[in-house]
Amino acid sequence: MVLTLLLIICLALEVRSENEEGRLIEKLLGDYDKRIIPAKTLDHIIDVTLKLTLTNLISLNEKEEALTTNVWIEIQWNDYRLSWNTSEYEGIDLVRIPSELLWLPDVVLENNVDGQFEVAYYANVLVYNDGSMYWLPPAIYRSTCPIAVTYFPFDWQNCSLVFRSQTYNAHEVNLQLSAEEGEAVEWIHIDPEDFTENGEWTIRHRPAKKNYNWQLTKDDTDFQEIIFFLIIQRKPLFYIINIIAPCVLISSLVVLVYFLPAQAGGQKCTLSISVLLAQTIFLFLIAQKVPETSLNVPLIGKYLIFVMFVSMLIVMNCVIVLNVSLRTPNTHSLSEKIKHLFLGFLPKYLGMQLEPSEETPEKPQPRRRSSFGIMIKAEEYILKKPRSELMFEEQKDRHGLKRVNKMTSDIDIGTTVDLYKDLANFAPEIKSCVEACNFIAKSTKEQNDSGSENENWVLIGKVIDKACFWIALLLFSIGTLAIFLTGHFNQVPEFPFPGDPRKYVP
């Protein structure tokens with residue numbers, strides 16, 4: 001019985017309370033016109049305070065230069081028409097009224113990119129008995145954010161959210177930053193429990209300030225604005241693993257062409273051009289990520305262009321080395337200055353030990369010379385003489401010649417005289433045989449000399465190849481370090497505004 005009585009009393013009080021709140025709302029909205037600004041006089045200015053709470057930095061689209069954020073925007077103002085005496089309504093000092101029924105300061109995001117100026121959801125407005133209005137609607141904003149691509153992917157960006165009154169000027173509405181404990185909240189508020197960390201960007205500074213456009217007058221709606229800044233720094237680990245590291249490793253392969261023989265110019269060019277094509281693909285991937293701007297070139301783009309230039313130089317070097325290595329005495333003459341420079345001077349500083357073949361006669365290197373060239377020379381000589389004069393075996397038998405080492409000791413004087421007569425008669429044939437032998441010996445010597453000079457050209461090609469290897473290695477290493485260290489030293493400033501020693505943090 002007692003419980004039933006208590007339940008009836010509670011229900012009666014709740015119904016009475018609901019009736020009182022309903023009566024209050026009916027009284028407040030009875031003669032209320034939401035189209036009229038709540039100004040007591042013509043010169044009365046409505047103070048509108050703003051506070052931005054960031055819950056999620058969703059993304060930054062570099063290609064479209066658009067920042068997407070999830071925020072709660074806190075707007076406060078005073079509407080004298082919505083005030084009441086709490087004693088007349090059983091102590092009710094707060095009511096919740098749908099925002100569609102009230103006058104709202106039309107504060108919108110000015111620098112949006114999708115045409116959505118308004119909030120995502122029109123929540124109820126908290127109305128206090130003194131006329132104070134508190135509105136906290138959620139919003140997902142896509143605002144413009146000019147991208148500085150110079151140090152991509154070691155960059156930081158300065159994005160902003162600009163809020164203005166769409167129709168009211170400074171004589172009617174005064175935009176201000178929210179205040180707590182008598183101090184302006186000059187920063188974007190972040191609740192650590194509700195904030196979701198972004199995997200690509202880190203928030204370094206989040207100041208807020210009111211800005212005046214002194215080129216205009218207070219009669220212009222663009223004269224005053226509230227700007228919330230987001231200075232964010234990129235986390236480069238993703239790009240280091242997926243773009244920079246593969247690019248550096250592939251680009252370093254171009255230096256390996258110098259470990260191939262100097263005469264393997266075709267294989268060297270093939271490897272260099274393959275690396276060049278791979279770098280072109282990486283450059284295409286970078287172009288798909290950064291905005292299409294001609295103001296700056298991204299850091300990774302500079303590096304790719306640099307290594308492409310180095311690869312092109314290496315291809316040119318391979319062609320030059322191949323041209324030098326295949327030179328012969330018939331096409332090029334090897335001067336003593338060139339021989340001294342490339343076979344005597346440079347090898348000392350390149351760590352090479354070369355000994356030109358003609359400069360070391362005391363230690364002749366074993367050669368494997370083909371007899372085919374000698375046979376060709378002999379045939380050339382045979383073609384110059386009648387065949388009958390060179391067939392010594394038949395002439396020996398036909399004229400009664402005998403080998404001296406087979407002659408016995410019983411040769412008489414007459415035989416000796418006949419022998420001298422026969423030798424005198426056959427002197428031209430013997431002379432021709434000697435000339436043939438001399439011709440073959442001369443041809444063999446010329447072939448050996450030609451082979452020695454060919455070998456010197458090959459050695460010169462090796463020296464050029466080794467010198468270009470060290471040049472390419474130094475150029476590649478220094479260029480890589482210089483370019484990426486430039487990005488490493490691109491740090492976010494300690495203070496958000498130059499010349500202002502405040503960090504704008506709570």
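Cβ coordinates are placed from backbone N, Cα and C, and glycine is handled just like the others.
For the residues N85, N158, Swiss-Prot attaches the annotation N-linked glycosylation site to N85, which does not rule out the feature elsewhere.
When Y134, Y168, Y212, Y381 are looked up in Swiss-Prot, the one carrying the note phosphotyrosine is Y381; the rest have no such note there, which does not rule it out for them. Between C145 and the candidates C159, C247, Swiss-Prot records a disulfide bond only with C159. Residues near C145 (disulfide bond) in space but far in sequence (CB under 8 A, at least 6 apart, same chain), listed by position: L60, E65, A66, L67, Q157, C159, S160. Set side by side, the recorded positions N85, C159 differ in how many other CB atoms lie within 10 angstroms of their CB, and the most is found at C159. Annotation note: C159 (disulfide bond) sits in a strand segment as assigned by DSSP.
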